[in-house]
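Below is one structure, written out as structure tokens; comments come after it.
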Amino acid sequence: MEPSKLFIMSDNATVAPGPVVNAAGKKTFRTCFRILVLSVQAVTLILVIVTLGELIRMINDQGLSNQLSSITDKIRESAAVIASAVGVMNQVIHGVTVSLPLQIEGNQNQLLSTLATICTNRNQVSNCSTNIPLVNDLRFINGINKFIIEDYATHDFSIGNPLNMPSFIPTATSPNGCTRIPSFSLGKTHWCYTHNVINANCKDHTSSNQYVSMGILVQTASGYPMFKTLKIQYLSDGLNRKSCSIATVPDGCAMYCYVSTQLEANDYAGSSPPTQKLTLLFYNDTITERTISPSGLEGNWATLVPGVGSGIYFENKLIFPAYGGVLPNSTLGVKSAREFFRPVNPYNPCSGPPQELDQRALRSYFPRYFSSRRVQSAFLVCAWNQILVTNCELVVPSNNQTLMGAEGRVLLINNRLLYYQRSTSWWPYELLYEISFTFTNSGQSSVNMSWIPIYSFTPPGSGNCSGKNVCPTVCVSGVYLDPWPLTPYSHQSGINRNFYFTGALLNSSTTRVNPTLYVSALNNLKVLAPYGTQGLFASYTTTTCFQDTGDASVYCVYIMELASNIVGEFQILPVLARLTIT
């Protein structure tokens with residue numbers, strides 16, 4: 001090769017000049033191109049993967065959305081079905097609880113009115129032997145055993161002057177005669193009444209007879225009601241019935257008494273309860289009387305006494321108030337040994353260590369006057385469809401819910417059950433409970449008591465148990481003064497103060513004097529209307545209210561034992577007054 005075509009290097013190396021340089025550039029470019037292509041492919045692959053992932057996610061989201069949409073549609077369909085079912089159920093509930101009872105009541109009232117017309121106009125109807133049916137005037141039927149006030153608003157009241165009407169209660173007819181212990185029951189169709197007629201002053205353990213009557217409410221020409229007596233029975237058969245309670249039942253009256261010829265304190269000292277009598281008196285002059293031995297009586301009770309106040313006919317059962325002395329080692333005595341109820345008046349509390357007050361409250365159930373037996377309240381419950389075989393039981397409330405046993409009354413108003421208990425023990429205020437029974441076909445029935453806190457006034461008492469005492473102690477005091485609730489009681493806060501009731505109290509903390517008609521709220525008296533002269537001696541009172549639905553007038557009959565200076569120690573007087581509510 002020619003020398004001019006070569007370069008001589010210092011290290012003796014030889015390199016071809018032009019062609020060698022072009023080959024190296026091509027190789028570098030090719031490498032860069034390959035790297036670029038690979039990078040583009042890698043980026044493309046990454047983009048494909050990302051895009052594919054996003055597509056998959058979108059597809060999955062769409063599927064989930066479709067599923068959720070499907071579920072939502074199904075829920076909406078179910079909700080529509082449920083709403084439809086709820087609507088039907090609401091219609092059924094309204095029909096059963098509101099419409100149907102109103103229709104039944106309307107049909108019943110129409111039937112009663114029709115029967116009254118038939119019996120009045122057709123003298124030959126065999127079922128109407130007296131030509132006067134045992135049915136109250138239609139003006140009063142819908143206003144009996146109903147709450148006069150249905151709301152919880154604040155109201156004002158006034159008690160009118162006593163209305164002049166013939167008394168449906170006879171008095172004693174001799175200076176040493178005595179009529180005592182009234183018991184009155186007003187039902188939708190008729191009323192029943194009884195009292196004891198004691199032959200030797202007012203010593204009821206000696207010899208007595210029992211007066212029983214039934215009748216209806218009628219309207220007088222003056223526009224106000226009258227208690228018209230249709231039947232009278234005078235039980236004078238040598239039995240010394242005591243503390244009788246009355247109840248209206250279909251076509252007549254039921255009466256629960258006990259028979260004893262010894263002092264009350266001696267009954268508690270014994271070990272076997274006195275004879276219990278259940279008497280059924282019907283409008284057709286039929287009388288059926290049976291000696292009963294309710295389940296739970298023998299072996300548990302030293303004595304059992306009717307509550308004096310009226311009983312009720314409820315859900316095909318007769319329910320009477322009762323109380324008595326429990327044997328200490330009996331099943332009932334052992335079960336209730338540590339039970340006690342200690343209410344507190346927040347406006348006038350009793351001071352002292354709570355444990356000490358609890359012990360004193362427990363001891364109050366065991367007064368020495370009654371041989372230190374636990375004095376216990378109870379209810380006599382008899383199945384009406386088995387009344388002729390006297391299938392009765394004693395239902396005993398817990399003493400954790402009630403004070404010491406005492407006389408009482410069972411009320412049925414607007415299908416709600418209430419129980420008045422006389423304040424015989426240390427608690428000085430009116431005692432009223434809402435009650436509910438659980439009846440069983442087999443086994444022991446039960447009752448739940450819910451105390452209504454009343455602090456408005458106190459009945460008279462004696463010694464350490466005067467109306468001013470608010471601390472637990474052993475007492476046998478007080479007097480029977482049952483109230484009539486005008487409104488339903490509510491446990492909701494803020495409206496309880498508008499619970500109203502009426503009755504006749506004795507306006508003294510220590511003496512049975514000054515009978516006074518009243519209307520009261522829970523914590524204060526709204527109206528006071530004294531009856532008779534200042535210092536008039538009085539005793540038991542029982543009150544019943546009803547409404548004339550023809551003109552919406554409200555009437556109350558206050559039956560009171562009042563002192564008599566002419567015939568006997570007491571005269572039982574029914575005082576009828578009109579109650580105005582604004």
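Using the three backbone atoms N, Cα and C, a Cβ is placed for every residue, glycine included.
Since we're looking at a predicted model, the values are computed, not measured.
Quick look at what Swiss-Prot annotates:
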TOPO_DOM  1-34  topological domain 'Intravirion'
TRANSMEM  35-55  transmembrane segment
TOPO_DOM  56-582  topological domain 'Virion surface'
DISULFID  CYS178-CYS202  disulfide bond
SITE      ARG180  site 'Binding to the glycan motifs of the host receptor'
DISULFID  CYS192-CYS253  disulfide bond
SITE      LYS242  site 'Binding to the glycan motifs of the host receptor'
DISULFID  CYS244-CYS257  disulfide bond
SITE      GLU264  site 'Binding to the glycan motifs of the host receptor'
SITE      TYR323  site 'Binding to the glycan motifs of the host receptor'
DISULFID  CYS350-CYS471  disulfide bond
SITE      TYR369  site 'Binding to the glycan motifs of the host receptor'
DISULFID  CYS382-CYS392  disulfide bond
SITE      GLU407  site 'Binding to the glycan motifs of the host receptor'
DISULFID  CYS465-CYS475  disulfide bond
SITE      ARG512  site 'Binding to the glycan motifs of the host receptor'
DISULFID  CYS545-CYS556  disulfide bond
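Among the recorded positions LYS242, CYS257, CYS350, GLU407, ARG512, the residue whose Cα lies closest in space to that of CYS382 (disulfide bond) is CYS257. Its Cβ placed at the centre, CYS392 (disulfide bond) has 25 other Cβ atoms within 10 Å. Separation of the C-alpha atoms of CYS192 (disulfide bond) and CYS244 (disulfide bond): 12 Å, rounded to the nearest whole number.
For the recorded sites ARG180, LYS242, ARG512, the greatest number of Cβ atoms within 10 Å around a candidate Cβ is found at LYS242. Note on proximity: of the recorded positions CYS253, CYS350, ARG512, the one nearest ARG180 (site 'Binding to the glycan motifs of the host receptor') is ARG512, by Cα distance.
In the three-state DSSP scheme, CYS465 (disulfide bond) falls into the helix class. Taking only the Cα positions, the spacing between CYS475 (disulfide bond) and CYS257 (disulfide bond) is 25 angstrom. Of all the disulfide-bonded residues listed here (CYS178, CYS253, CYS382, CYS471, CYS556), it is CYS471 whose C-beta has the fewest other C-beta atoms within 10 angstroms.
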